[in-house]
Amino acid sequence: MSENSENPTMPQSPEQPAAPAPAAPQRTAEQPEAPGPSQTAARRTAEQAAAQERAARMHARGLRMFPDGTGPSPDPAGSHFERRIRSFQPRRSRVTTGQAEALKKWWPTRGLDIDGQRVLDLGEMFGGLPVVLEIGFGMGEATAQMAADDPATGILAVDVHTPGQGNLLGLAERNGLSNVRVANGDAIILLREMLAPDSLAGLRVYFPDPWPKARHHKRRLVQPEFLSLAASRLAPGAVLHCATDWENYAEQMLEVLTAHPDFENTQKDGGYAPRPAFRPLTRFEGQGLDKGHAVHDLLFRRVPHAG
Ligand SMILES: C[S@@+](CC[C@H](N)C(=O)[O-])C[C@H]1O[C@@H](n2cnc3c(N)ncnc32)[C@H](O)[C@@H]1O
């Protein structure tokens, strides 16, 4: 069984498949048996350098999803090749005709490859609107709904899932949403390399991959290190909003957020928050509710800078 199939919440498109989306090549090289710590470190460094080279080559060649050189890049920052622990699983998924058309039409103006090469000017991208980052929008229905409900806020929506990127671009087009941009790649690289300190008016992480097996918990997105990075990109007073239907992930989120010095709970009792009216029900939330899961929202405020 692949790790992908062990993650029960990967998005599925309801539409019929039409074309294969790009997928990262599978690693096939055999690993040496029981390498020592220095061998392991050296191998990692070499692999990371190779991944960066591959990404730079793809970038330089302008490799894109469509043969005419348009659409998102298959792996803009080489993140799929990296050995570091990632919160997502690269997967081969199919893009429908409608999604492909939306990608072709809108990627040049509303899409963004996370190449880690420059710091974004969010003011220019969103015409001066305050900008909220949503990590892991899946098929994007909830994102489109929030963008329609609040046109005075820009949403920078990031995911690695190509069909979802096409779906969200199509929804934005059909609903006349000018306040959504779709980012392709690893949110960690986006936060670390491409967003300026204090630049975000909010951060939304709705139903992140739960990685339910204990041995996969290290892949969960919401961890202390992620919170430190997120805090550095959030403006003081901006809210980090997480939601999950996995009880022990909710407990983990509450524990690490409560312990983090850069965040304070918006709930006076120090617990979970009621679902705010602005958050629509999401696709994965619906699946969780069907299984009888309880849903927890967590809203934590970025505290003002010390000193
Ligand atoms: C379980 S799905 C939830 C989708 C949606 N929020 C919903 O509730 O329907 C989590 C999504 O997060 C994306 N994801 C996980 N880690 C990510 C990362 N580091 N950068 C970008 N997207 C990520 C996955 O590709 C997946 O589409």
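Each residue, glycine too, has its Cβ placed from N, Cα and C.
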TrEMBL annotation (region 'Disordered') - matching range among 1-57, 229-285: 1-57
Between D209 (S-adenosyl-L-methionine binding site) and E285 (substrate binding site): CA-CA distance (Å): 12
Listed binding-site residues with Cβ under 6 Å from ligand 1, out of E134, D186, K213, D245: D186
Per DSSP, three-state class assigned to R283 (substrate binding site): helix
Whole-number Å value for how far E134 (S-adenosyl-L-methionine binding site) lies from D245 (substrate binding site) (Cα to Cα): 18
Between F284 (substrate binding site) and D186 (S-adenosyl-L-methionine binding site): CA-CA distance (Å): 20
Recorded S-adenosyl-L-methionine site residues E134, D159, D186, D209, farthest C-alpha pair in Å: 14
